[in-house]
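A.B. asks: Here it is, the structure, as structure tokens.
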């Protein structure tokens, strides 16, 4: 057979693959038979999310992430893995994270308390002594005693049992500021046993799943006899809502991260000028229904579900930021005012969405049982946040920690509705408070989900072009 004949066959094979993939994506991205347009465990259709994200949320959340308050994230990438011996950090150059020099970090962010959203909470020049600084979180000593008590209450609340994540100690000498815009999430080449162990531990040990039920984590995972994974979904459907939601959140986060890697892939590196962009082949490997044994469409559904959860959290936390006491303080008054105005604009959009997930349907049984289940839910997720310190690639660890913390903050918000509704207008919060670290993680994590859904639309276009 001639080489031209082989080329024709190859082109025809690519066309068939593209047609098959496009059909699958169309099923996920439109209200058609396989998904019937509505996500499980909520009353929202996928098309509505696509339109809402594309025309309202995505452009604004992109601009917000570029603001100084949200672009600098303090993180400790040197914390040891608490679960197994460290297998060494990735030596691939794209795994490297470039910390931000202190001189580049806005003075209002790097000075004073971790509760950096107002000028009063950051002015540490008049503290009486170091003991008071530690006790009050570096609060201006000119504040009234009532305000000081409120700040102490913040600290007590931060140490309470309402956190879904284990937060980095920002005072640790190993904690460094990272400019997220200069360290974008993208494919680094980090894979193999180390990466596999992280996700396997998350799914197998923290998703309320007995080891006897096989879950097809990855198309490259060793199979278990003739089980194609359907027994897992049969088992999952029999679980209570809360445990189903937990799995979908983790699966959605995993899908979102995989989409980022596919969309920002190293396509070519010539003369030191790398070219990054979407990799359709990699997308196919991770989401095609045949190559993933039917997992791909399910993963994408869970991405949409996760988006709804974090969208709901943003709409719920709006009253916290609408108060005059919240400045998003960086030291630049004009910048801070613009950042807050943009954030409040996004909150208005989130409130306008008409098909929110109803979090009141969760933990709604008898009080004792619901409290016990919520605590189990919280501890499982907190454990996953600790597993992020086992990721060997620094850049993957950075974005894994940030997105996990963002989701944990969203969960904290959803289950603190009463505390948020009773916030005082002109004084520090009692009963509910967010640190700057949590605020930055919340916004950037949702920004990543918004980007994932936008990239999914881009892949649909790319697949159409190859037909």
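Glycine too: its Cβ is placed from the backbone N, Cα and C atoms.
Bear in mind that the values here come from a model prediction, so they are computed numbers and not experimental data.
The annotation active site, nucleophile is assigned in TrEMBL to 393. Among the features that TrEMBL reports, active site is placed at 396. Taken from TrEMBL, the feature FAD binding site applies to 186, 188, 199, 251, 254, 286. Taken from TrEMBL, the feature disulfide bond covers 90-95, 130-165, 393-396.
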A.B. asks: What is the one among the binding-site residues 188, 251 whose Cβ has the most other Cβ atoms less than or equal to 10 Å away?
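C.D. replies: Answer returned by the neighbour count: 251.
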A.B. asks: In whole Å, how far does the CA atom of residue 188 (FAD binding site) lie from that of the residue listed as 'active site'?
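C.D. replies: It is 8 Å, counting Cα to Cα.
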A.B. asks: Tell me, how many other CB atoms lie within 10 A of the CB of residue 286 (FAD binding site), whichever protein chain they belong to?
C.D. replies: 21
A.B. asks: Taking just the CA atoms, what is the gap between residue 393 (active site, nucleophile) and residue 251 (FAD binding site) in Å?
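C.D. replies: Between the Cα atoms of residue 393 (active site, nucleophile) and residue 251 (FAD binding site), the distance comes to 20 Å.
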A.B. asks: Neighbour count, 10 Å Cβ-Cβ cut-off, for residue 165 (disulfide bond): what number do you get?
C.D. replies: 24
A.B. asks: Among 95, 396, all listed as recorded positions, which has the most CB atoms within 10 Å of its CB?
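C.D. replies: Per the Cβ count within 10 Å, the most buried is 396.
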A.B. asks: 186, 199, 254, 393: which of these recorded positions has the highest Cβ count within 10 Å of its own Cβ?
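C.D. replies: Ranked by Cβ atoms within 10 Å, first place goes to 393.
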A.B. asks: Express in Å, rounded to the nearest integer, the largest CA to CA distance found among the FAD-binding residues 186, 188, 199, 251, 254, 286 named in the record.
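C.D. replies: About 21 Å separates the two most distant Cα atoms.
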A.B. asks: Out of 95, 165, 396, which of these recorded positions is nearest residue 254 (FAD binding site) by C-alpha distance?
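C.D. replies: Among 95, 165, 396, 396.
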A.B. asks: By CA-CA distance, flag whichever of 95, 165, 396 among the recorded positions is nearest to residue 199 (FAD binding site).
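C.D. replies: Considering only the listed recorded positions, the nearest one is 396.
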A.B. asks: Which recorded positions from the set 251, 286, 396 come within 10 angstroms of residue 95 (disulfide bond), judged by C-alpha positions?
C.D. replies: 396
A.B. asks: Rounded to the nearest angstrom, how far is the Cα of residue 251 (FAD binding site) from the Cα of residue 396 (active site)?
C.D. replies: 17
